[in-house]
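Note sheet for the following structure.
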Amino acid sequence: MDCEPLRKRQKLQESLHEGRTEDAEKTQKAAPEASSELRRKRQTKSSRTLEDWLLKKPSVTQSCSHPEPEQNPQNRETADLIPAPPRTAAASDGEQSPLTSANEPRRAAPEPAANTATRRITHFFTTAPRGGRADAAAGADGKAFVPSISLSDLRRAPACSGPLPALKATDSHTVLIRTDLLQPGEASEPHPSPDQLQDCWDDTHVKLPCSKQNLFPADRTTLQSRWDLINKALSVPFSSSHDVKDAILTYNTGQAKGWNFTALHSFCKGLQASEVQQMFGELLPAMAQLALRAPRLLTQPIPLLRTRCCRSLTLSQEQVSCLLANAFFCTFPRRNSQRTEYSNYPDINFSRLFDGSSRAKQEKLKTLLWYFRRVTQKRPTGLITYTRQCLQRLPSWPSSEKQFSKLYISCEGCIEDQGYGMLQVDFANRFVGGGVTGSGLVQEEIRFLINPELIAARLFTEALEDNECLIVTGAEQFSRYSGYSDSFRWEGDGDDQTPRDEWQRRCTEIVAIDALHYRQFLEQFHPENMSRELNKAFCGFVRPGVQTENLSAVATGNWGCGAFGGDKRLKALLQMMAAAEAERDLVYFTFGDADLVKDVLHIHKLITDTHATVGSVFRLLLQYYECVCKKTTRSKPQETLYGFLSKHL
């Protein structure tokens, strides 16, 4: 391959800012160095007693954003991690974010409660930390680098969405509610379909706890219905966390020595007398009854979303809440060991969530119990669709003639807020949800906590292959939060006002795509690895059969960087290429990295000014590998990727 420059540009002799990639591996329980997007947002001080949490609608602080996830590949805890950016001057509380146009519509959010700093707090709650906004990215002359487009220039759902066909079941789409009772434009209560329970116990469907074939050894010679045991155990009144533990172990006797309920005990130990009554007299019994409604709500067998198969499931939010209540009480059979037919699926029972004594686990419990409080007090009426997308035909990247699409990039803002109505990227583990039911608590886990209906995907979604992604449409945000990892705090009700589509799903589309893990920096520039990441991102972004004008922009960030060793500048470029190939615009949040904003804007402008195609840029990436990476004797090449591209475009 010719290693000489194809065409030198006289104006661009200087190299761009040298990429900085964190290549330090993190151990499973090491505190992450990542900076959350929300650390760039002004947080009002918010403290409330647990009684406020149980009895009243909490005050709401500003929305919080996701840092990149951290993952230990050995224990599947989560995905990638970014380093904390340097502190920047905080913007005033009343200053409008440059991410949002003054006349740009957005979903409503409750105002922060007034005078929250003086509210009474107990030892269980701490004052929320006050974080500052990141300044706009600026160059050496101090002038801000401002994107040439605004967020209002980019497409969002539902405004850009085309009309949906009538919701109906097909061979590849299982619908667990009666579609004949749905009224277009009306939030009518979904009814399970069929009316009577259809039992199924095989390797292609979820093995439900209420199945007649879910048997439990009464003694050495006799089997009894495990569901009868569950029904009896969860119908007994609870007076303490030890009662909850005893109930769960009644039908999980084989786990008595292995399961630890320290986190649950610690959480409940901090309750005051009035809070104990709310927790054990109302909330937990309501959750138990929700779980026991499984035979009436989950009447149709739930197919597994298996590898190498495109398939969709549409359930009601109420059905999902029933699944999650059963997960809380650890009722799902065959899911407590990696030596079963579900060894290639994520955990679903919440047993690991109850283990340990960290404050983070208690905050996880608080966030999930808030969800259960909401759904037990008022039944949700919407629908959610889970889709496993598997692409058999992938682009020929060297020959692609696609032009790069629009780019909006900022060091402020977050995917779930400023990216509302867009395709929102979950920096996922191949086992979706990562460590949400364990000790993980960064980007992916946080998103699964504040949108708990995502957790249900762990029940039926097999580990993702290189040409697969998971798309979830309609998951509601129930909580707001601050911090990340050990500093994560539940901050109140989410009050999601996102509009619904014709299928009564929230117009929130979240795609889970998992990045590769690199132990050495140069590995990621190998053609095979770059192609894999392009294919994975393209799989998440493309929607076969959907017109370009009906595709919203993609909201993403530093996917696969941090502990996974991904280079931010390479990953940004690969995502730009995948978005262009999928004919979607890209919104990129750098989580406070102003230098990255400058560099990515610069290289995108250079690419678009020279009318470079996706194929021509990919061929330059191959040249960079051959001419620079393969010849370097260092852990990182002296010539940066963007510097190389600047000389050759």
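Each Cβ is built from the backbone N, Cα and C atoms, and glycine gets one as well.
Curation does not apply to TrEMBL; its annotations are automatic.
If you check TrEMBL, you get these features:
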ACT_SITE  ASP426  active site
ACT_SITE  GLU444  active site
ACT_SITE  GLU445  active site
BINDING   ASN429, GLN443, TYR484  substrate binding site
COMPBIAS  1-28  compositional bias 'Basic and acidic residues'
COMPBIAS  59-76  compositional bias 'Polar residues'
COMPBIAS  110-119  compositional bias 'Low complexity'
DOMAIN    272-388  domain 'PARG helical'
DOMAIN    395-596  domain 'PARG catalytic Macro'
REGION    1-119  region 'Disordered'
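Per-residue confidence over the domain 'PARG catalytic Macro' (395-596) averages out at a pLDDT of 96.
Taking the binding-site residues ASN429, GLN443 in turn and counting surrounding C-beta atoms within 10 angstroms, the largest count is reached at GLN443. In this structure, the CA atom of GLU445 (active site) is 10 Å away from the CA atom of TYR484 (substrate binding site).
The DSSP breakdown of the domain 'PARG helical' (272-388), given as helix, strand and coil counts, is 60 helix, 14 strand, 43 coil. All protein chains considered, the CB of GLU445 (active site) has 30 other CB atoms within 10 Å.
Within 10 Å of the C-beta atom of TYR484 (substrate binding site) sit 31 other C-beta atoms, taking all shown protein chains into account. Around the Cβ of GLU444 (active site), 30 further Cβ atoms fall within 10 Å across all displayed protein chains.
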